[in-house]
Amino acid sequence: MFKFNEDEENLKCSFCGKDQDQVKKLVAGSGVYICNECIELCSEIVEKELAQTTSEEFTELPTPKEIMDHLNEYVIGQEKAKKSLAVAVYNHYKRIQQLGPNEDEVELQKSNIALIGPTGSGKTLLAQTLAKTLNVPFAIADATSLTEAGYVGDDVENILLRLIQAADFDIDKAEKGIIYVDEIDKIARKSENTSITRDVSGEGVQQALLKILEGTTASVPPQGGRKHPNQELIQIDTTNILFILGGAFDGIDEVIKRRLGEKVIGFASNEADKYDEEALLEQIRPEDLQSYGLIPEFIGRVPIVANLETLDVEALKNILTQPKNALVKQYTKMLELDNVELEFTEEALAAVSEKAIERKTGARGLRSIIEEALIDIMYDVPSSEDVTKVVITDKTINDEVDPELYDSEGNLLNDSKTSA
């Protein structure tokens, strides 16, 4: 039996050696004791280390080339856009590193980014991959769901809430995150003339977004929705949040063409027509975005514009097979878990790519096309003992013919008949 009372007066802190009567509290563990003073000291050490970790979050900031290399692992093509993004993001976080005790009289301003390109060209994927590369919180918002205050719809502060949620409500982390706002072209003013009527989802939303783009301390409802009196709000500084705005900007090539056409008056009036759409987008200027319907103040807060090209068949084929998370690799792995080999012929890959172009969905539509071709196979294969290999041909994609099924001896098990 323990004689606790007899030994109690001799108890000491195992760390500092002080007797129990020299400290306020002595906490017993398994054969050891720690006093309140040592607990406080440990707490201070841990807090300092955590603070140092936070302050050094971007000390290992990758160079533009390293950012580009990481983007290349997941995003095929779009070399100019990737290079522009790599430099812009590097400069943004280098600017954040510069802030603080060593800040001098030169103030480096934030440069938000606009990505202009057709649906399925990789705008969202680029933004997502950037956030993963830098290990920062990331949120996506759709500009079409936003309305100015006082109207039915989402307040712009709800965008910030998504970022805060992505950061697990760590405000310091959220304040260094990335927000991607898609469909930004859909909030363009309907004409260059200021309307006397209310433009609920146009200029008013641009004005609301302008505040968080340029940097402000925003009040965010923790549960989302509209603000209410007496509601507790989360305060977040948007100064160091990087905003990437994406949009297809359908028809902006005509705006650019008109501007270029004005410069060639006196020559052939159709001279501007020699530019194809992609070459025209490389000529984009702030005044073109203003003509399209973005207000000058908004354009001024997004100084970097990167153009994404329309993806052709070869680019889409590469997207299907080359990235680390390529769709063909994903579906191959899925069937591999059922001990079945999956193969796509070159003609099948071309057919998938051509169908995506035909549907005008770009890379975004590739998964649904493959899913359509494989749905029956993924349903039947887990309960089939004979099938060890599945071959997807162009006929599977174009004519809805069943994939070729083979057994372990290489024998064809079906006649590739048209699916019911």
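Here the Cβ of each residue, glycine as well, is placed from N, Cα and C on the backbone.
Annotated features in Swiss-Prot:
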- 1-54: domain 'ClpX-type ZB' (DOMAIN)
- CYS13, CYS16, CYS35, CYS38: Zn(2+) binding site (BINDING)
- PRO118, THR119, GLY120, SER121, GLY122, LYS123, THR124, LEU125: ATP binding site (BINDING)
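Of all the binding-site residues in the list THR119, GLY120, SER121, THR124, the shortest Cα-Cα distance to CYS16 (Zn(2+) binding site) is found for THR124. Annotation for THR124 (ATP binding site): spatial neighbours ILE140, TYR180, ASP182, GLY246, criterion Cβ-Cβ under 8 Å with sequence separation of six or more. Of all the binding-site residues given, namely PRO118, GLY120, GLY122, the one with the smallest number of surrounding CB atoms inside 10 A is PRO118. DSSP assigns SER121 (ATP binding site) to coil, not to a helix or a strand.
Each of the binding-site residues CYS13, CYS35 was scored by other CB atoms within 10 A of its CB, and the lowest score goes to CYS13. Secondary structure at CYS16 (Zn(2+) binding site), taken from DSSP and collapsed to helix, strand or coil, is coil. The average pLDDT computed for the domain 'ClpX-type ZB' (1-54) is 74.
In the shown protein chains, 17 other C-beta atoms lie within 10 A of the C-beta of THR119 (ATP binding site).
LYS123 (ATP binding site) sits 60 Å from CYS13 (Zn(2+) binding site), taking the C-alpha atoms as the reference points. DSSP assigns CYS38 (Zn(2+) binding site) to a helical segment in the three-state reduction. The record gives PRO118, THR119, GLY120, SER121, GLY122, LYS123, THR124, LEU125 for ATP. Within 8 Å of the mean position of their Cβ atoms, the other Cβ atoms in that chain belong to GLY117, GLY246, LEU308, GLY362, ALA363, ARG364.
Note: the Zn(2+) site is recorded as CYS13, CYS16, CYS35, CYS38; in the same chain, SER14, PHE15, GLY17, LYS18, VAL23, LEU26, TYR33, ILE34, ASN36, GLU37, ILE39 also have Cβ atoms within 8 Å of that site's Cβ centroid.
In this structure, the CA atom of GLY122 (ATP binding site) is 54 Å away from the CA atom of CYS38 (Zn(2+) binding site).
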